[in-house]
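Comments concern the structure below.
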Ligand SMILES: Nc1nc2c(ncn2[C@@H]2O[C@H](COP(=O)(O)OP(=O)(O)OP(=O)(O)O)[C@@H](O)[C@H]2O)c(=O)[nH]1
Ligand SMILES: [Mg+2]
């Protein structure tokens, strides 16, 4: 039997209104005992989805003037009876009413317990449950859009479709399992084709999840180049504040510095200023450069900065070529210090590389650079990212492995249909776990533990 839970659903602070939420079989009765409606009525008899005005009264004392919303099972967020009390937004009032409701028999909800109940009552699947948290925590418009589409179940839908493809394949297979020697070559080829298609789609989803990652966490842009070309100055110019130390001494920046920037398109960008790359002079230099290389691996876009007032060294060209050879990374060549007489010979760089001219010191070309970053973001089909948590992503990787194993069994051990059947069965199970059909409660608990109370 489920108990009755209660929580303050709005952030604690002074605000116009505050909301207290309850869910469980007896919550309407609990609230009824402390609520005195303006017009005489029985809260337990009113219809679902109605709003009622009155006072919360406890031990003859009026605590607050409130609105009470009643939702009846199963037509509520959690699928249970629910009540929302809209109070004045004072933390003292909210805490007081919460205390009263606990005294009347409700229990303080755990983190995410409302959504967990919605999930356990079959109102939403696990991915949708998670998307609710992502909506609350979305840090950019794009992230919000992705989370909303997950709530609508678009990700779940493609996973369910894939799962049913696996199921079909397994059913076919089981029909032939007793007579593996009778399976025709044509049939085997058909299975192989299907498995390969599933594998392709799984890998596509994994790619989308990777893209979803940066939509959520921000697109990572890194400033690299040899010492003293003006990376920190450029970082400050982009951030529009003096964050990083700038000096004429090469090797000023040792550790990397991270800054967050919202572009006018609503994209969140994380910008990293790093230690200049080159031949280290000392151990600190060396450590700084190692860190730069680490950040390089995680970045989406590299701004390779050169000093337009100087000459490009051999070492700098090598560095550029090395960075350019990194896979899946976009790169822009930023020529800085255009306010000074220019000595740089740009023909040493290949022609097809995108070039932007700026002066970090004088603020010239900074907007062009921002626009260029925006262009790179939108060219990456960012609408296409999905959010998967680490547990689900691991499961999806597992499924990918299963696909490979299955394909290998079909090719190398064509008689061992039972092995293939087991693999397909495990695949289905893994899909079910992502969708929360086969709940590993352990994982569900971890997911809900990330929620805020009241959600
Ligand atoms: N004239 C001019 N000077 C600049 C410009 N940008 C940077 N500088 C100067 O170049 C020097 C080095 O600038 P930083 O921003 O510290 O260079 P950095 O690339 O971060 O250097 P490290 O941290 O040592 O790798 C400073 O003296 C800056 O004032 C520019 O656009 N024009
Ligand atoms: Mg610097």
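Backbone N, Cα and C define each Cβ position, glycine as well.
What TrEMBL says about this protein:
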type	residues	note
BINDING	21, 84, 123, 455	(6S)-5-formyl-5,6,7,8-tetrahydrofolate binding site
BINDING	228, 247, 249, 252	K(+) binding site
BINDING	228-233, 247-253, 273-276	GTP binding site
BINDING	232, 253	Mg(2+) binding site
COILED	181-208	coiled coil
DOMAIN	218-378	domain 'TrmE-type G'
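Within 10 Å of residue 228 (K(+) binding site), judged by CA to CA distance, lies none of the binding-site residues 21, 84, 123, 455.
In the predicted model, the domain 'TrmE-type G' (218-378) shows an average pLDDT of 88. The least crowded of the binding-site residues 232, 252, judged by other CB atoms within 10 A of its own CB, is 252.
DSSP assigns residue 21 ((6S)-5-formyl-5,6,7,8-tetrahydrofolate binding site) to a strand. A distance of 13 Å separates the Cα atom of residue 247 (K(+) binding site) from that of residue 275 (GTP binding site).
Long-range Cβ proximity for residue 21 ((6S)-5-formyl-5,6,7,8-tetrahydrofolate binding site), meaning a same-chain Cβ under 8 A and a gap of 6 or more residues, is found for 6, 7, 8, 9, 82, 83, 84, 85, 109, 114, 454.
Ranking the binding-site residues 228, 247, 253 by the number of CB atoms within 10 A of their own CB puts 253 at the top.
In this structure, the binding-site residues that sit close to ligand 2, with a C-beta under 6 angstroms from any of its atoms, are 231, 232, 252, 253, chosen from 231, 232, 250, 252, 253, 275. Taking 123, 249, 252, 455 as the binding-site residues under consideration, the smallest Cα distance to residue 232 (Mg(2+) binding site) is found for 252.
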